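Data block below; observations after.
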């Protein structure tokens, strides 16, 4: 049983709605728009909201969205067929009203679709129920029952004879097929091994046909018949090699260079090798304008370039109109048109360190977004797909909820309480180092910081924070702040309960008037259940204002696994009804990856959480905020 079915435009106008079991579809549909459509996450046509499963279909030609909702525990096999049938009938029935593309016409239009929808729903339900009964196959219906008993009796001498005859025939066929091509001599002698009979006339006609083909081949290629047995690799420079002896015939060292078949000659080299070398040099060079060339080198642009060359040589109007015909957007995009381009885009994203599953979902989302959409004038498939992918990536990197720590800290000051930030992550990603960088950034903005040493497991963790505190105190001594201590370390040694230390640190910061409390936790793998339980306890007991996951930019598929399992562990081991999950991401070691920035895409796509800080070096000043357009430009770079 369906809960609801609604049809609305991408501008937000509800054209028609069917209310089934549920009273209202506003909440689930708004969640779908907010979490999927606006965030460019349309790789999967299914979305789960609380106890409902929503399936949707996009009509990019008329800018429509079809959404059906039903209970998550139900398995309705006819939903996909129903949504396709409704989409087809609604589009064909109200084509004139939709093509006007004005909000006033859509508001004034009457879409009486109730009876049609109920008919389609009834047909879909009946088609899912009507299934052919599965009956056991009888022996009389099998092929074995149709054979006579005599054909099923096996004797010792029959099968070997048949095999020998078949082997002789196969051997004769191989000799007859390989003989003329390999040697071209003594064809009648080889074919004399075939069984004699009334087929001899057919064999003679085959010989004549082979000889005629051989003569035509010799007339076309001439001397090149004897050289045809060489490998295909030596065939490529063979045409250029013909010119080399004629040009270099007077030189004394011509023979040596011709015999050097390991590399092409110097005169022939610029025609074959430089295009690849030039592309490599341009891809690694500093020229920003050339970065888009490698991503857009698809079949469409290559065919467009190849099409312009013969048109220039011919100089006819047909070539020019053919070129314009390939550029002018006169048709809507289909999956087949975008398949080759999306395959190259997917491979490019994976090469840039984007997780494989995320790359597939991104390309699928772009395909759903562009399918049925009419291309613009003088635009190719490659440029259209690339622009849509870039817009999707920028939208993914821009968070739904912007984390503004400075504003939140000032709001906490008005309530006379410290602002608490908890850092978590796997081992060795740089939690303590980036905690010190964020402390320096907060000190530069005039806020006092208390560092809570809750990593009571790793040897040297407290000493590391003590060293950072000493150096930060030297940079911001109390003398510069009217005798106020700007940074201090709160520690209780090793082997203690991390949640209790964090609670005492927050109480100490409230009594001493510190503005911010930065809680450092021990690194732990996402599969370690006891340590993940301890982290969930620390977050549940102390309720920090911000939970930051620290991840390094070097990982690819591992980033998805880490974030998914961290969130799952925090939800499973939390004692609260609404568990506290990760609020933001700190991306470290960003200076070590060059242009392989795919980890940023993978982390934000899988969690829908923003990247708050980016670590770019070893000093306290090496802390940046994420620039979505710069990251996408580096991601699409050759």
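Along the chain as shown, the residues are counted starting at 1.
Backbone N, Cα and C define each Cβ position, glycine as well.
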(message) Labelled region 'Disordered' by TrEMBL, one stretch among 41-95, 261-315. Can you tell me which?
(response) 261-315
(request) Using DSSP, break the compositional bias 'Basic and acidic residues' (137-146) down into helix, strand and coil residues and give each count. (result) 4 helix, 0 strand, 6 coil
(message) Need one number: mean pLDDT over the domain 'SRP54-type proteins GTP-binding' (610-623).
(response) 89
